[in-house]
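Lifted from TrEMBL, the feature list:
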type: DOMAIN; residues: 38-258; note: domain 'Anoctamin dimerisation'
type: DOMAIN; residues: 261-846; note: domain 'Anoctamin transmembrane'
type: TRANSMEM; residues: 272-297; note: transmembrane segment
type: TRANSMEM; residues: 350-370; note: transmembrane segment
type: TRANSMEM; residues: 434-461; note: transmembrane segment
type: TRANSMEM; residues: 481-502; note: transmembrane segment
type: TRANSMEM; residues: 645-668; note: transmembrane segment
type: TRANSMEM; residues: 702-721; note: transmembrane segment
type: TRANSMEM; residues: 811-832; note: transmembrane segment
Amino acid sequence: LVLELNQVIIPTYGTLPDQQNLHTPEWVDFDDKPDSLFFKDGQRRIDFVLVYEDESKKMTHKRSDRKKQKRKRQVYESNLINNGLQLEATRSVLDEKLIFVKVHAPWEVLCTYAEVMHIKLPLQHNDLKTRHSAFNWFSRLFRVDENIIKPEQEFFTAPFQKEHLSNFYIQDKDTFFNPATRSRIVHFILSRVEYATKNNVKKFGISKLLDTGIYKAAFPLHDSSFRHQSTDPNCPSERYLLYREWAHPKNIFKLQPLDFIRKYYGEKIGIYFAWLGFYTNMLTVAAVVGVGCFLYGCLTKDNCTWSQEVCDPNIGGNIIMCPQCDKVCTYWNLTITCESSKKLCMFDSFGTLVFAVFMGIWVTFFLEFWKRRQAELEYEWDTVEYLEQEEQVRPEYEARCTHVVMNEITQQEEHVPYTACGKCVRMTFCTSAIFFWILLIIASVVGIIVYRLSVFLVFSAKLSEHISGTEAIRKYLTPQTATSVTASLISFVVIMILNIIYEKVAILITDFELPRTQTDYENSLTTKMFLFQFVNYYSSCFYIAFFKGKFVGHPGNPVYWLGKYRNEECDPGGCLLELTTQLAIIVGGKAIWNNIQEVLLPLVKNLIGRYSAAARSEKVVPRWEHDYHLQPIGKLGLFYEYLEMVIQFGFVTLFVASFPLAPLLALINNMLEIRLDAWKLTTQFRRMVPQKAQDIGAWQPILQGIAILAVVTNAMIIAFTSDMIPRLVYYWSFSVPPYGSHSSHTMKGYINSTLSVFNISDFKNASKPFSPWFGNQTTCRQAYRDLRYPPGHQHQYEHNIYYWHVIAAKLAFIIVMEHVIYFVKFIISYIIPDVSEKTKSKVKREKYLTQKLLHENDLKGVKKTMGKIADKIIKGADSTFRPKDE
């Protein structure tokens with residue numbers, strides 16, 4: 001449906017049509033009703049508010065600039081009136097420079113644009129019987145009291161058509177379009193009304209006017225204060241109810257009133273909170289299993305034979321380890337790592353393997369059940385047939401359409417913002433910029449690695465001197481621990497700084513790309529941001545898990561970074577504990593930082609705004625002025641909320657084999673996150689423009705990609721980062737003949753068998769330690785499991801048979817674990833349908849009713865009309881052939 005709208009357009013920036021051709025808003029004074037949501041007549045509802053600064057009182061621009069801005073604004077408002085909207089202007093109570101223009105959409109305008117936008121509206125009550133779950137009585141304990149927030153009535157709906165108006169369920173014209181739908185329609189109009197032309201390019205849309213400062217704000221109204229109910233008896237005070245029953249911290253264990261959230265804020269916000277709530281509920285199961293596996297590790301750590309050998313003064317106390325760096329590092333005793341080996345037993349246990357397999361299956365259940373839940377919400381919230389081709393073009397895209405091309409389908413000329421060559425140039429530039437920033441992140445990771453290598457030398461040389469008299473501290477503050485913790489903290493700070501910078505860069509790159517629709521824009525930005533965040537947040541974890549300590553050579557022939565820095569070694573128990581430390585710092589630090597930022601920033605900004613308006617307490621302030629002093633939600637809306645949760649999802653799934661408490665931390669964070677996000681929306685931000693959303697968009701395939709990658713990463717962590725496979729190989733093969741000397745399978749002797757022997761006389765001068773050798777021993781042990789032949793052997797310092805058995809076992813384990821989990825994931829995906837039978841029945845019933853009520857009524861009307869025409873034809877024929885009366 002194409003609307004022919006008569007608009008008054010400025011031909012150029014310097015000319016203006018006669019003032020008598022322009023319509024102006026009606027000016028009124030504030031009527032001292034602070035909770036009123038209507039024009040001064042009390043009948044017409046305020047659907048949107050525009051705020052601008054009186055040009056005659058502006059002192060920051062030249063007079064000519066102020067005059068141009070005023071002309072554009074006047075033409076824009078005139079065109080709004082020409083499009084059927086009604087405007088009413090009121091001067092600010094607190095600041096005389098501010099003007100508030102209230103916008104109302106009459107019934108005819110709402111009906112016209114509801115048809116243009118394919119908005120689905122109720123036909124009749126849903127007559128399908130609801131089958132309650134067996135656990136309905138239990139979930140009722142956590143639901144919002146239905147006497148406070150009444151459940152939404154269920155209707156069968158259909159895209160609105162004015163010609164079928166009588167078929168829709170209309171009890172009251174004032175309530176047929178709810179406030180969220182009214183605001184959405186008005187915003188649609190505001191985004192497309194023109195105000196000027198320049199070089200034959202039309203300028204239009206409220207976004208451009210906001211960016212150029214002609215308007216200071218544009219927003220729909222909250223319906224009341226969040227602190228108390230509205231004094232207007234006709235106002236439902238939905239904002240107050242949302243704060244009291246949803247956003248307040250006392251509701252942390254309650255289920256969310258999703259239908260009510262959707263009704264007030266729209267489907268896009270509703271689907272975010274539905275997904276976040278569902279994810280949090282599923283995390284409960286993962287957290288319980290993770291805590292169980294962690295407790296299993298805690299209970300069995302005292303039975304950890306290899307840790308007991310490390311701590312035994314007769315075994316670990318007699319094992320002297322080789323220096324871990326060149327020259328300045330000293331020989332050290334294995335018992336120094338006693339405490340870290342005990343901690344490692346808690347995480348590197350059989351429970352870790354069970355939990356890794358469980359999480360691979362859990363993530364599949366999560367994604368499959370979410371698809372079912374999403375399908376239910378699509379039906380209930382009327383987004384089943386919400387198609388992207390119905391989405392309107394972004395005004396920013398339309399404003400740049402200066403090139404003419406031939407449409408291959410319609411064979412008609414159409415305007416595009418760039419040619420094919422121009423598009424290639426843009427894509428090349430954007431891709432290059434993305435790769436540059438990813439390389440910058442990798443460079444920062446290399447910098448952290450160099451820091452680790454250099455500072456380890458310092459800690460190894462100085463740390464023991466400063467804490468030599470404090471044995472208790474010395475047990476825990478080893479050079480490895482100090483290096484790991486400080487590097488993790490620096491890595492976290494670097495991650496957050498790069499994150500802030502790249503957010504702005506990604507937006508600039510996406511703006512330069514000029515995507516056609518808002519969905520294209522968000523998907524493009526989502527891909528860039530996640531790709532960057534993936535490298536930014538996970539690169540250090542991938543380094544520790546899969547690269548650190550894997551390419552170090554041996555004491556007589558170490559491997560160097562950049563020809564200068566000796567490569568890092570892991571503890572004798574592997575790098576798993578260090579990976580756990582890194583994850584705990586990043587996950588915990590990120591959660592604390594984000595939550596503080598989300599609470600403090602809007603709160604401080606709003607407090608500053610309140611103090612700047614000192615007269616607020618002395619004057620009665622209208623609802624629109626209260627809302628103006630709240631924070632704007634931003635163009636990207638909930639994008640950053642999704643990004644934060646998806647990054648967290650990656651930490652919970654990709655590296656969970658090293659940190660089984662990650663789901664518990666995520667669960668605690670998300671329970672707070674839901675209420676903090678709700679608190680922000682209801683108390684600190686202006687009301688968002690309601691938007692349609694069928695699903696969570698580009699985040700769905702990203703989650704699926706993470707789920708697939710998580711199986712590989714966890715299998716590799718268990719195989720290459722943990723010490724589980726070498727222990728199993730020793731227990732089953734090398735503890736007994738022909739390789740071992742024990743009569744039965746045991747873990748005794750594991751430490752002595754896996755720490756390779758090195759003759760100190762084989763040190764090169766470049767790496768020979770300064771510190772003198774103590775005792776009569778002529779050998780030291782490598783500080784990592786390298787499994788090499790001892791000195792004097794014909795293949796000395798080469799990998800022994802045990803090493804190749806371990807490598808074969810690791811590869812076999814990865815292949816078996818991956819295939820088993822992928823097979824189970826495939827079976828689960830096949831068994832669980834994406835759409836439940838109940839939802840399918842409702843969709844079919846709705847289509848049947850739509851066809852019956854709308855199309856069959858048309859057919860009846862045609863038949864009735866054709867019947868009348870046929871009767872007239874027959875009567876005419878009768879009169880023609882009837883004999884004349886004599």
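Using N, Cα and C of the backbone, Cβ positions are placed for all residues, glycine too.
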Remote residues contacting the transmembrane segment (481-502) - C-beta distance under 8 A, at least 6 residues beyond either end: 340, 437, 440-441, 444, 447-448, 451-452, 455-456, 459, 463, 529, 532-533, 536-537, 540, 578, 581-582, 585-586, 589-590, 593
Stretch-level contact, the transmembrane segment (702-721) and the transmembrane segment (272-297), CB cutoff 8 A, at least 3 pairs: no
Positions whose Cβ lies under 8 angstroms from the transmembrane segment (434-461), at least six residues beyond its ends: 323-326, 328-330, 479-480, 482-483, 486-487, 490-491, 494, 498, 502, 505, 509, 528, 531-532, 535-536, 539-540, 543, 561-562, 565-568
Local confidence of the domain 'Anoctamin dimerisation' (38-258) - pLDDT mean: 86
